[in-house]
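**Student:** Take a look at what Swiss-Prot says about it:
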BINDING   HIS161, CYS196, CYS200, MET207  Cu cation A1 binding site
BINDING   GLU198  Mg(2+) binding site
MOD_RES   TYR218  phosphotyrosine
TOPO_DOM  1-14  topological domain 'Mitochondrial intermembrane'
TOPO_DOM  46-59  topological domain 'Mitochondrial matrix'
TOPO_DOM  88-227  topological domain 'Mitochondrial intermembrane'
TRANSMEM  15-45  transmembrane segment
TRANSMEM  60-87  transmembrane segment
Amino acid sequence: MAYPFQLGFQDATSPIMEELLHFHDHALMIVFLISSLVLYLISVMLTTSLTHTSTMDAQEVETIWTILPAMILIMIALPSLRILYMMDEINNPYLTVKTMGHQWYWSYEYTDYEDMSFDSYMVPTQDLKPGELRLLEVDNRVVLPMELTIRMLISSEDVLHSWAVPSLGLKTDAIPGRLNQTTLLSTRPGLYYGQCSEICGSNHSFMPIVLELVPLKYFEKWSSSML
């Protein structure tokens, strides 16, 4: 869950988000080292007298600044590709949930059940209960079992939307006429908040997403009560 004046990422709640955080730290360290080297070279140039001003060719230097950037790019690309393949992999999902974006709410359908669907609207500020979050609470939460692979099918009824839950490392575009898919797996129970992340009209800011991840036995009780 985000908090005021937060500088870093939200706590990771899925294996994918943990991998993304590790990759962020990996890439940030490379950027830090390159920036330090560039600043060092600039400071050396500014504080020393120029020498070898007549040099026209330096094969060793050209070889280094060709090979070194290539190696750095490979160090960034390989873990990035690994995470991309992990995000695209779907193995025997326990549950499939179809998500449709509308102006300006979400609708959900549990396709493994015969008649289990609902709309999810933002709770107006005047209707909030003590402890609830402004602009993030919904009237119907998406209840899902934790520690199980869930497949999300995402599309839109009208304009472009984007279904995003940062703590789970999820952000998938909802495109009219196209069905995108992603997977989620939560490592611990809790409430996880997200929002539409694609500008979709005047009420774009009022399309929150709330996932309630619970143990399997509680999910089964909830699903039985919804049927």
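Glycine is treated like the rest: Cβ placed from N, Cα and C.
Thinking about packing and proximity, how do these listed features fit into the structure?
**Tutor:** Sequence-distant contacts (6 or more apart, same chain, Cβ under 8 Å) of CYS196 (Cu cation A1 binding site) comprise GLY101, TRP104, HIS161, SER162, TRP163, ALA164, HIS204, MET207, ILE209.
Under the three-state DSSP scheme, GLU198 (Mg(2+) binding site) falls in the coil class. GLU198 (Mg(2+) binding site) counts 18 other C-beta atoms within 10 Å of its own C-beta, drawing on all protein chains shown.
In the three-state DSSP scheme, TYR218 (phosphotyrosine) is classed as helix. With a 10 A radius on its CB, TYR218 (phosphotyrosine) counts 15 other CB atoms from all the protein chains.
Non-local neighbours of the topological domain 'Mitochondrial intermembrane' (1-14) in the same chain are 20-21, 24, 166-169, 184-188, 190-193, 213; each lies 6+ residues outside the stretch with a CB under 8 Å from one of its CB atoms.
As a summary of secondary structure, the topological domain 'Mitochondrial intermembrane' (88-227) carries 21 helix, 61 strand, 58 coil according to DSSP.
Counting residues 6+ beyond its ends, the transmembrane segment (60-87) has Cβ neighbours under 8 Å at 15-16, 19-20, 22-23, 26-27, 30, 34, 169, 182-183 in the same chain.
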**Student:** For the topological domain 'Mitochondrial matrix' (46-59), report the average pLDDT of the model, please.
**Tutor:** 72
**Student:** So what's near the transmembrane segment (15-45) in sequence-distant terms, Cβ-Cβ under 8 Å and 6+ beyond its ends?
**Tutor:** 9, 72, 75-76, 79-80, 82-83, 86-87, 167-169, 185, 187
**Student:** Using the recorded Cu cation A1 site (HIS161, CYS196, CYS200, MET207) as reference, state which further residues of the same chain have their Cβ within 8 Å of the centre of those residues' Cβ atoms, listed in sequence order.
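**Tutor:** So the additional residues around the site are GLY101, GLN103, TRP104, TRP106, SER162, ALA174, GLN195, SER197, GLU198, GLY201, HIS204.
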**Student:** Given a 10 Å Cβ-Cβ cut-off, pick out the one of the binding-site residues HIS161, CYS200, MET207 that has the most other Cβ atoms nearby.
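**Tutor:** Per the Cβ count within 10 Å, the most buried is HIS161.
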**Student:** Round to a whole number and give the Cα-to-Cα distance in Å for the pair CYS200 (Cu cation A1 binding site) and TYR218 (phosphotyrosine).
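**Tutor:** Rounded to a whole number, the Cα-Cα distance is 35 Å.
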